[in-house]
Amino acid sequence: MAIQKILFASLLICSLIQSSHGAEKERLFSELEKGSLEVTTKPSREGAGVVLDAGIDKISITWKLSSTGSKKEAEFKTIKVKLCYAPPSQVDRPWRKTHDELFKDKTCPHKIVARPYDKTTQSIDWILERDIPTGTYFVRAYAVDEHDHEVAFGQSTNEAKTTSLFSVQAISGRHKSLDIASVCFSVFSVLALLVFFVNEKRKAKIEQSK
Amino acid sequence: MGDPTGEPGSSMHGVTGREQSFAFSVASPIVHTDKTAKFDLPVDTEHKATVFKLFSFSKPHMRTFHLSWISFSTCFVSTFAAAPLVPIIRENLNLTKQDIGNAGVASVSGSIFSRLVMGAVCDLLGPRYGCAFLVMLSAPTVFSMSFVSGAAGFITVRFMIGFCLATFVSCQYWMSTMFNSQIIGLVNGTAAGWGNMGGGITQLLMPVVYEIIRRAGASAFTAWRIAFFVPGWLHIIMGILVLTLGQDLPDGNRAALEKAGEVAKDKFGKIMWYAVTNYRTWIFVLLYGYSMGVELSTDNVIAEYFFDRFHLKLHTAGLIAACFGMANFFARPAGGWASDFSAKYFGMRGRLWTLWIIQTAGGLFCVWLGRANTLVTAVVAMVLFSLGAQAACGATFAIVPFVSRRALGIISGLTGAGGNFGSGLTQLLFFSTNQFTTEEGLTWMGVMIVGCTLPVAFIHFPQWGSMFLPPSKDPVKSTEEHYYASEWTEQEKQKNMHQGSLRFAENAKSEGGRRVRSAATPPDSTPNNV
């Protein structure tokens with residue numbers, strides 16, 4: 001049995017390995033060209049202390065080649081726009097940590113859109129998706145070449161990731177119908193137990209009195 | 001041994017693993033089979049089964065076995081149901097690493113107390129109601145996951161769900177009312193091992209259920225809440241099955257429990273005293289914390305670890321994590337068997353060395369797991385670690401019956417509680433703070449396992465010796481009778497209260513090893529009474 005389990009596990013693992021990474025291992029974020037793209041964000045509601053609601057509010061994102069141009073512009077094939085965690089949302093949460101190795105980096109897990117590179121200004125009106133967690137965010141656009149490797153990027157905030165951030169409040173995931181179902185099943189469980197118990201005690205008493 | 005008269009601690013009798021032989025049936029001619037009884041399995045004079053037929057559902061014995069281990073397993077499923085879904089839950093509830101760690105600690109802490117109380121509950125209500133009460137009253141705690149909206153709620157609910165792990169006690173108690181003492185070791189070891197498997201099953205079940213609900217259209221943050229309905233329903237179903245199909249005793253339900261005891265009732269305070277003042281008890285409390293304890297801790301962290309470190313999908317991480325818990329199917333009984341096997345040749349010394357080797361090996365594999373950088377090595381290390389830790393659990397309870405006869409129930413209970421305590425401690429130290437990454441935490445946990453297993457060397461029996469020391473040379477102290485009878489005062493001995501201990505001492509002589517066995521008793525005689 002032990003052998004079977006180990007074999008099964010290793011078969012599974014080997015097949016997973018086939019489908020995973022290639023030479024991306026050593027590519028570093030610090031090697032990417034900075035500021036090649038100008039990215040701006042405009043949340044649908046703005047102001048001090050405004051928190052956007054996931055699933056409801058929108059962000060208007062625009063990106064274009066930066067005014068200073070880019071040495072690597074010829075390699076740009078696709079632009080991948082992603083939603084990224086700002087430092088306050090990464091505290092005490094190692095699964096959101098920023099790593100220099102691109103394949104390890106967890107700063108920008110949420111994909112917004114991927115479009116072919118165009119010299120003209122691109123924009124999108126993006127509704128915050130319902131699985132976006134509560135946190136503080138900015139937007140980053142990666143310029144990706146034909147091998148699907150990042151070569152450059154631009155982001156809506158400064159290098160220290162302190163400006164132009166926006167806050168999002170996640171959906172709770174709770175529903176009234178779920179709450180009601182939960183209560184119903186709980187009550188059923190307790191009642192069923194009590195009914196059985198009382199019933200059996202009654203039967204035992206009847207038997208004893210016979 | 002599940003004594004219907006409610007002798008204190010009796011509810012834990014039979015919790016222990018291997019007795020003399022790893023037997024599927026009672027071979028001794030001394031155990032009289034009651035031929036007038038109309039059961040599917042051969043039974044003794046108390047109508048307890050003398051044969052363990054695994055794939056039968058015959059009423060009442062094997063039916064009880066299956067009801068019992070499945071309810072225990074269901075509680076493991078619900079206690080660890082949150083673990084594989086943490087990558088989703090942590091985003092919904094905005095949890096920090098500390099919150100996740102604290103919830104893990106909470107999930108194993110509740111049952112430290114509930115297991116101690118459960119013994120009394122089984123004595124009062126019988127194991128059938130004990131099990132049903134616990135399982136059905138904890139169903140609401142599982143359903144209440146749908147209300148949780150932050151860290152505090154999450155930790156509280158996981159704490160409350162954790163209480164249901166006390167079904168371990170009702171499971172073992174119930175087995176001991178149905179199975180003869182000669183095979184109770186195997187029966188209880190199998191039931192415990194298969195119950196623990198629930199911790200593995202849940203790692204596979206919950207992500208799959210979550211995925212199905214997602215595909216049906218629910219958003220991620222709602223889907224995981226709905227997924228918790230599955231373990232909740234399992235609780236209700238098992239509770240009803242236990243109530244309708246189960247019975248307390250081979251002959252029926254509790255009526256017989258009213259009869260007056262044939263054995264003088266022992267005093268709880270006295271038993272507690274002998275349990276607590278025996279230093280071996282505390283060594284086992286520590287040891288079990290680093291075999292069962294680390295198993296529970298790993299159940300809580302391993303799916304999230306594979307998800308984050310190796311960038312796997314949720315159900316892939318769940319599948320790998322499931323392999324950890326599922327190894328219990330054979331690993332725990334195998335540990336008990338290994339202990340019995342080494343006892344045949346080397347007696348108690350063999351058992352102690354076996355325990356040390358297996359548990360230390362588990363610790364080393366845990367270190368390897370923490371240091372593994374590729375997926376394949378991590379999985380291999382994890383599987384080997386699981387075999388080591390779970391076999392060590394089996395090997396632990398192969399020795400515990402010999403620590404004391406009078407206080408066996410309480411020592412078993414304390415050892416079990418030590419497991420949960422060890423789990424809470426390791427989660428608190430290594431997986432709840434920012435000081436260690438999870439891989440560092442696993443490495444240090446492995447180191448701690450190796451360190452905390454060293455005290456096995458201090459377990460010394462005057463009659464059998466220890467890992468390094470020979471038995472005592474004193475002609476009086478080196479007898480089994482002296483050791484087990486020393487738990488009774490002179491007054492108690494005059495009342496002949498220690499007869500059970502003396503009988504046990506007689507049978508325990510085989511722990512002296514091969515020389516003693518071949519000289520004293522014929523090889524195929526089995527102990528009369530444990």
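Cβ coordinates are placed from backbone N, Cα and C, and glycine is handled just like the others.
What TrEMBL records for B:67-88, B:129-148, B:154-174, B:186-206, B:226-245, B:271-290, B:310-331, B:352-370, B:376-400, B:407-430, B:442-461 is transmembrane segment. The region 'Disordered' annotation in TrEMBL covers B:487-530.
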Cβ-Cβ under 8 Å with the transmembrane segment (B:186-206): same-chain residues at least 6 beyond its ends: 14-18, 22-24, 52, 54, 65, 68-69, 72-81, 83-85, 167-168, 171-172, 175-176, 179, 227, 230-231, 295-296, 299, 302-303, 315, 318-319, 321-333, 336, 390, 393-394, 397
The transmembrane segment (B:376-400) and the transmembrane segment (B:310-331) contact flag, 3+ Cβ pairs under 8 angstroms: yes
Same-chain residues near the transmembrane segment (B:352-370), Cβ under 8 Å, at least 6 residues beyond its ends: 287, 290-291, 294, 335, 338-339, 342, 346, 377-378, 381-382, 384-385, 387-389, 391-392, 395-396, 398-399, 439-450, 453, 456-457, 459, 466-467
Highest-contact recorded stretch vs the transmembrane segment (B:407-430), from B:154-174, B:226-245, B:271-290, B:310-331, B:442-461, CB pairs under 8 Å: B:271-290
Per Cβ pairs under 8 Å, the stretch of B:154-174, B:226-245, B:442-461 packing most closely against the transmembrane segment (B:271-290): B:442-461
Chain residues outside the transmembrane segment (B:226-245) and at least six past its termini with a C-beta under 8 angstroms from it: 63, 67, 70-71, 74-75, 77-78, 81, 85, 128, 131-132, 135-136, 138-139, 142-143, 145-146, 164, 202, 205-206, 209-210, 213, 218
